[in-house]
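Copied over from TrEMBL, here are the features:
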type	residues	note
BINDING	His162, His260	substrate binding site
BINDING	Asp179, Asp190, Glu316	divalent metal cation 1 binding site
BINDING	Asp190, His253, Glu285, Glu316	divalent metal cation 2 binding site
DOMAIN	97-322	domain 'Peptidase M24'
Amino acid sequence: MSWFSILIITGNQSFSRKQFVVFARKMSGLEEARRIKRERELQVVKKDRKGPPLRRGKVSPRLPVPDDILKPPYVGSDILPEMGTEYQIHDSEGIAKMRAAGELAARVLNFAGTLVRPSVTTNEIDKAVHQMIIDAGAYPSPLGYGGFPKSVCTSVNECMCHGIPDSRQLQNGDIINIDVTVYLNGYHGDTSKTFFCGDVSDAIKNLVKVTEECLEKGIAVCKDGTPFKKIGKRISEHAEKYGYGVVERFVGHGVGTVFHCEPYIYHHRNDEGGCMVEGQTFTIEPILSMGSTDCITWPDNWTTVTTDGSPAAQFEHTILITRTGAEILTTC
């Protein structure tokens, strides 16, 4: 069912058929104009790109974690854990621990962003992040999760998410999403941000700006009793204003004592049920693409890139649902 078919069923029933046809044609023309504009921007981005498409570099061995640091239960197994089915709803003690984990994750992410510059490798970023996390007495949650070999995810240019740090040097004009999760005192704090490396084109800067705005707008609808599906509706509305696609394959998730659990937070329009509950924690982490939202996962089973090589951007926060709104936990 197309968007227009849904609108005529659920929208203002006072529209006459003639009025609706005119409205639909007007909206169709706007969408077509946005699509053409985005395709032109994408061609400019591809033409100006100096480097080749993203290729995997050399991945160094996992870094050690001191024995006295508390580790998540999945450490030691390369089997991907099943998605937890219980919502993460916390008492006052749990909320305090979630705030501490979120604040540490935010500080680590901010530090990682200062390392982004041409010629730096993503492996160097991973090493520095790893050291900062263990120095704080925490465990880098991605390390060993389902066999993931590194302590942070670094997703460059057309990589949507789950990029594995390696020997590739960042290039002037790249964008990189750094996804940090820490496990502190038995609780996970999960956050990510897309950073600019050197001089980035205006078209890509706009993609990144709109993606961050989508996260902010998704958070803004959250409070006790709100249906989860409102998040995807609000994000989609904003992305579509600028002609960007919202990636459907990857979702936000409950997080707390468990790294990944229900509810699934869809960033696109959806009719999934369920409502937010005071004291609940979960992530919102939209990915927007300048071109195709379809993706390919590399043989490493993690790195996922756009099928057409178009740039993608992502932002993420862990939030706590309150009676009147949402508290962003991953801030410092």
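All residue numbers here begin at 1 and follow the chain in the order shown.
A Cβ is built for glycine as well, from the same backbone N, Cα and C atoms used for every other residue.
Where TrEMBL records a feature, it is marked here on the structure.
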| residue | record | Cβ within 10 Å |
| --- | --- | --- |
| His162 | substrate binding site | 20 |
| Asp179 | divalent metal cation 1 binding site | 24 |
| Asp190 | divalent metal cation 1 binding site | 29 |
| His253 | divalent metal cation 2 binding site | 22 |
| His260 | substrate binding site | 23 |
| Glu285 | divalent metal cation 2 binding site | 24 |
| Glu316 | divalent metal cation 1 binding site | 24 |
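On the backbone, the CA of Glu316 (divalent metal cation 1 binding site) and the CA of His162 (substrate binding site) stand 13 Å apart.
Residues belonging to the domain 'Peptidase M24' (97-322) score a mean pLDDT of 98 in the model. His253 (divalent metal cation 2 binding site) sits 14 Å from Asp179 (divalent metal cation 1 binding site), taking the CA atoms of both as reference points. The closest partner of Asp179 (divalent metal cation 1 binding site) among the binding-site residues, by CA position, is His162; the full candidate set was His162, His260, Glu285.
In this structure the alpha carbons, written CA, of His260 (substrate binding site) and Asp190 (divalent metal cation 1 binding site) are 10 Å apart. Note: the CA-CA distance between His162 (substrate binding site) and Glu285 (divalent metal cation 2 binding site) rounds to 13 Å.
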